[in-house]
Amino acid sequence: MLVVQMPFSFPMAHFILFVFTVSTIFHVQQRLAKIQAMWELPVQIPVLASTSKALGHSQLRGMWTINAIGRLGNQMGEYATLYALAKMNGRPAFIPAQMHNTLAPIFRITLPVLNSAMASRIPWHNYHLNDWMEEEYRHIPGEYVRLTGYPCSWTFYHHLRHEILQEFTLHDHVREEAQKFLRGLQVNGSRPGTFVGVHVRRGDYVHVMPKVWKGVVADRRYLQQALDWFRARYSSPIFVVTSNGMAWCRENIDTSHGDVVFAGDGIEGSPAKDFALLTQCNHTIMTIGTFGIWAAYLTGGDTIYLANYTLPDSPFLKIFKPEAAFLPEWTGIAADLSPLLKH
């Protein structure tokens with residue numbers, strides 16, 4: 001049978017167009033409502049598997065981070081403090097991108113990076129830390145906490161020493177470059193029996209310590225005493241000197257024994273080489289500053305540090321506790337404060 005298909009009538013075409021238009025508008029409104037609802041929800045932070053595993057929790061709420069302030073030594077202290085306090089308080093820890101850019105090229109750190117776009121949407125509770133552990137830090141309130149200050153004290157994280165050492169494990173190529181240099185060193189034609197890393201902090205501290213903090217930096221006498229301490233206890237030691245004031249070191253460190261090597265490049269903007277050299281030694285001589293403290297902490301062995309380098313009324317002692325900075329087993333040699341007493 002032949003069926004003839006007639007065109008829609010004019011009213012029927014309008015009716016179908018009307019239904020289609022209404023349906024489209026309805027679905028678009030539904031979609032927009034869902035999107036708006038998503039934006040109005042509180043920020044949901046995914047808990048990364050690596051973070052949960054590292055912090056010993058299968059499910060953690062909220063997010064903790066820390067300000068990335070200062071150079072390498074400061075940021076190592078901030079990272080380790082965040083790692084320890086977040087774990088202590090049962091919170092997931094995330095580091096700022098700036099901190100990741102400083103530490104990741106040198107160390108095998110594991111804490112995830114905080115996306116800057118996400119960070120800007122989080123209602124942070126800023127929580128200031130002293131440079132030493134306080135009992136109240138075991139119970140810091142808040143799910144979204146940003147730690148502030150310049151924490152760099154073993155009192156925060158020494159109970160997790162093994163984990164901290166793992167976090168600050170050098171990348172293979174960084175470690176191998178340092179070891180290759182050390183393997184080529186000799187003392188009076190023979191291979192050294194002991195490697196002692198020496199870090200001499202100069203730079204801004206030369207002026208800041210006496211003018212601002214009523215303190216001193218290491219002088220020639222201190223370094224001579226520190227080197228002699230190791231010479232008296234170890235056979236054929238070699239002293240690997242790094243500094244941001246290498247010219248001063250060459251003029252003030254006694255090289256007559258043939259056991260001193262000026263090895264570092266002193267470039268503060270790229271400290272990996274100097275730091276790696278120090279940590280691949282057996283022992284440490286440090287002066288002041290977090291760079292030397294961390295080199296000694298990672299190295300282990302014997303450590304000599306500059307002690308009592310401020311006057312008793314120094315404002316520095318209000319923000320810095322020597323007993324919280326230097327491990328009890330380290331050996332301090334008192335600084336010569338006489339230059340301060342002349343003024």
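Glycine is treated like the rest: Cβ placed from N, Cα and C.
Per Swiss-Prot, topological domain 'Cytoplasmic' is recorded for 1-14, and the stated evidence type is sequence analysis. Taken from Swiss-Prot, the feature transmembrane segment applies to 15-28, supported by sequence analysis. Residues or ranges marked as topological domain 'Lumenal' by Swiss-Prot on the basis of sequence analysis: 29-343. The annotation N-linked glycosylation site is assigned in Swiss-Prot to ASN188, ASN282, ASN308 on the grounds of sequence analysis.
Shown here: features listed in Swiss-Prot, placed on the structure.
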residue	record	DSSP class
ASN188	N-linked glycosylation site	coil
ASN282	N-linked glycosylation site	coil
ASN308	N-linked glycosylation site	coil
Please identify, from the glycosylation sites ASN188, ASN282, ASN308, the residue with the sparsest Cβ neighbourhood, meaning fewest other Cβ atoms within 10 angstroms. ASN188
Whole-number Å only: compute the distance from the Cα of ASN282 (N-linked glycosylation site) to the Cα of ASN188 (N-linked glycosylation site). 19
For the topological domain 'Lumenal' (29-343), report the average pLDDT of the model, please. 91
